[in-house]
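Student: Questions regarding the structure given below will be posed in turn.
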Amino acid sequence: MNAIIPIRREEALGCTNTQVLSEKGQREVFCGLTGIIWLHRKIQDAFFLVVGSRTCAHLIQSAAGVMIFAEPRFGTAIIDERDLAGIADANEELDRVVSELLVRRQDIKLLFLVGSCPSEVIKLDLSRAADRLSRQHLPRTKVLSYSGSGIETTFTQGEDACLASLVPTLPSRTVEGKHLLIVGTLADVVEDQLGALLRKMGIERFDFFPPRKSTDLPAIGPETVCLLAQPFLADTAKQLEARGVKRLSASFPLGAEGTTQWLKVAAKAFGIDDRRFDDVTQAPRQRAIQSVARHQAQLKGKSISFLPDSQLEIPLARFVYQELQMNLLEVGTPYLHRQIMAPELEQLPSSTRLSEGQSLELQLDRCDADQPDLIVCGLGLANPLEARGFTTKWSIELVFTPIQGYEQAGDLAGLFSRPLLRKLKLVA
Amino acid sequence: MQLTLWTYEGPPHVGAMRVATAMTDVHYVLHAPQGDTYADLLFTMIERLPRRPPVTYTTFQARDLGGDTAQLFKDAVSSAFERFQPKAVLVGSSCTAELIQDDPGGLAQALNLPVPVIPLELPAYQRKENWGAAETFYQLVRRLVKTPDPVPSPSARKPRCNILGPTALGFRHRDDVREISQLLQALGVDVAVVAPLNASVQDLQNLAQADFNVVLYPEVANTTAQWLERQFSQPYTRVMPIGVTATREFIKEVATLAGVDIPPDLEKNSRSVWFSRSVDSTYLTGKRVFLFGDASHVVAAARFATEEMGFDVAGIGTYSREFAREVRDAAKKYHVEPLITDDYLLVEEQIKSLHPELILGTQMERHIAKRLGIPCAVISAPVHIQDYPARYAPQMGFEGANVLFDTWVYPLMMGLEEHLLGMFREDFEFHDGAAPSHLGSARSQPTESKVPLKMEIDQIVVSNPSVVPITATSWSTDAEKELGKIPFFVRGKARRNTERFAMEHGLSTITVETLYDAKAHFSR
């Protein structure tokens, strides 16, 4: 049972009970469709077909089109006026487009129909379409659907929606024994490292989700527990819980501290004793602390503000506060899931200004007043803020870089120190 | 619905943003869902602008749809006006907002702002980016321009013109404007207003005071130039000054409109003509190029390719439906079938069947070129960050021709290497299909298509009836081997020709003989 929580412990619980500034107004964020940009590399035999407008197609290619693709792994079924006027049956049209695509690309094993604002507003039922198309194209291609629309999802929530749509298709586990599912897209190298640490501790039965191939979906069962590796996976966690998987609450594996806490939760769940845990983690932990220390010298005492983007802001703020000793001004997040974020919030200083949602102009006014040494923000704002004399760290890179685990702690710190170092280096 | 892997143009509201962002004191309030602010990145990242585009988005979410999105829009307009104090306000919808039908125009009028409010009707499910830019520019000018006061003696001053068409996020617009302004200055013509790039509301008001208009980019400025001609009898230029001959024609056109003489030393920095005549360029003769892009760049590039580089046009096409006629005319001139489409897959099929030795296209054609292993240079938007260079890189005027020469020759294998490769085929380093050595090892080998040949043919037949289908001929082992001796960049063409020859002559097997018969047949 839960321990009785004593009243008046704000200080000890960090930011847990802090009033969150909740704002409505212009939000300078990506929609969930953007998740496709990394998901298409993670699950290599999947194809992402957005059902939307030209705007959706333009968004994805503006973001990913700088890479030259011999075989694109995403596309858009652009809704046109005939679909809107009801002249063409939207479902028949979609079936035609999917058949066209699958003829062209016979190697696609998993096809995601990705909903967008237009398809949600006109209430095109993609989940039924996915069922129908699956029946047509199985066993070669499985078809699923999720929404990456801007009206429902913000940036990384696209991954959440995608993974949540995969959960019901995970096979049931027939092997006996406790099983760990690590949830959230991680760089391949990070997966390998975390996996090696778990094995050394004696945890053998674990899987990463999403897998690198759609044909390697992990099996889950009543003995499966899951550990989120990314903070933006609320719906996926809910779906997993609905299938009887228990979620372990932990900080996120960012920095030496975060990684230790995260691994510790796994170790506890599998009854690994503290000695063994320390034996396994001590050396990499020391390495991480040392490599972070190099950057700490430069960042200690510097002030930082996070603008909302990916929901990684709170764990990152904890890392820069705890391990780089930076001074937190504002930590903005597009969406705050209190339960998932609880272990992180406890560790933030209670003076932190937490904000959820955004009213862009007001938030920029606060930046002007705060004059942070470093602003973590999206690419729409980074260059304009730099031109005004601020130093910025563009936040999307934090989603596209291996930052989790011990061996990446120094790299993660480097992402924050590099813009400041650059400013010092450039003389012109 | 249309399956789109890559789209050539964005939605029309991005065109409107290109006009608003180009200008100095206009603000655009866009009714759009959360996420559509991605368009800011086009300007701050791809074009590297040091400021935010002057655009306020309502960024509504699902929960707002139950409530009053119209009020949300009105609030956004008033607070944007208060904060940015623009001299004119544009209001409009993105594709999703178009579905919820809040009438931004009417709502904004009701606010009674003390500056002009220009509502934009941009049908997102029918029209695209360039149309959006043209329409926005036209609406702005129509609404803002003022009838000039009668001037007593216009001969007392130099002739003056406006430059119309350059926008934010235009392909080389920044440097084209500089090159053409210098050219006009050398001709003794003053540039009154450049618009929309760096123009203010005041500038647009003064547009009618110039003697004539220079239209640099018809896709954006034609509607406006035509209207100005009707309203204020301002003539406008028709020639796009890309390439040396076109630039000379443009100069003549301007000189006539302005009534000035052409000074003798205009071409002193022109080098492309000599470079092209020098013997090093002889091997460029008859290289088969495929051109695709916006209509005006494609037509201008085709002319430069044939008349100034000595290439042959293997195919030509555009995604600008509004200007399809110009491209059809050009296609007639080069005896090829025009390809008017915004379907990337059709372009890919066309290129595959034509086997050009060089593709001149957009960022999208670079994907196709990579897949097929064909050299490629970019001549038109859409483009990515590397085509907004720091250095001076116009396409227009004499310097533009210099830039074009360098850019187009670069991806081709150089002469000596090409000769040696034709002679010695088994070298371990300079082998068949290896990237041209001056490009380092950077370019990958042609990706073998995973699609079976049969299906390719079916698709071609469906999509383009003009291409002769090839079926039921097989290659003998010897002939296949002999085919391998043909340099790779013309091999595809040789294969097609031979198969076509065999089909036409009812041959079921292709032998070495057939190969050479076909070669003789087609080299007539």
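Using the three backbone atoms N, Cα and C, a Cβ is placed for every residue, glycine included.
Summarising the annotation, TrEMBL assigns domain 'Nitrogenase/oxidoreductase component 1' to A:31-413. Sequence annotations record features per position, and here TrEMBL assigns [4Fe-4S] cluster binding site to A:Cys31, A:Cys56, A:Cys117.
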Student: Using a 10 Å radius around its CB, how many other CB atoms surround A:Cys117 ([4Fe-4S] cluster binding site)?
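Tutor: For A:Cys117 ([4Fe-4S] cluster binding site), the count of other Cβ atoms within 10 Å is 34.
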Student: Here the binding-site residues are A:Cys31, A:Cys56; which one has the lowest number of other Cβ atoms no more than 10 Å from its Cβ?
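Tutor: It is A:Cys31 that, of the binding-site residues A:Cys31, A:Cys56, has the fewest other Cβ atoms within 10 Å.
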Student: Compute the average pLDDT of the predicted model within the domain 'Nitrogenase/oxidoreductase component 1' (A:31-413).
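Tutor: In the predicted model, the domain 'Nitrogenase/oxidoreductase component 1' (A:31-413) has a mean pLDDT of 93.
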Student: Specify the secondary structure state of A:Cys117 ([4Fe-4S] cluster binding site) as given by DSSP, simplified to three classes.
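Tutor: A:Cys117 ([4Fe-4S] cluster binding site) sits in a helix per DSSP.
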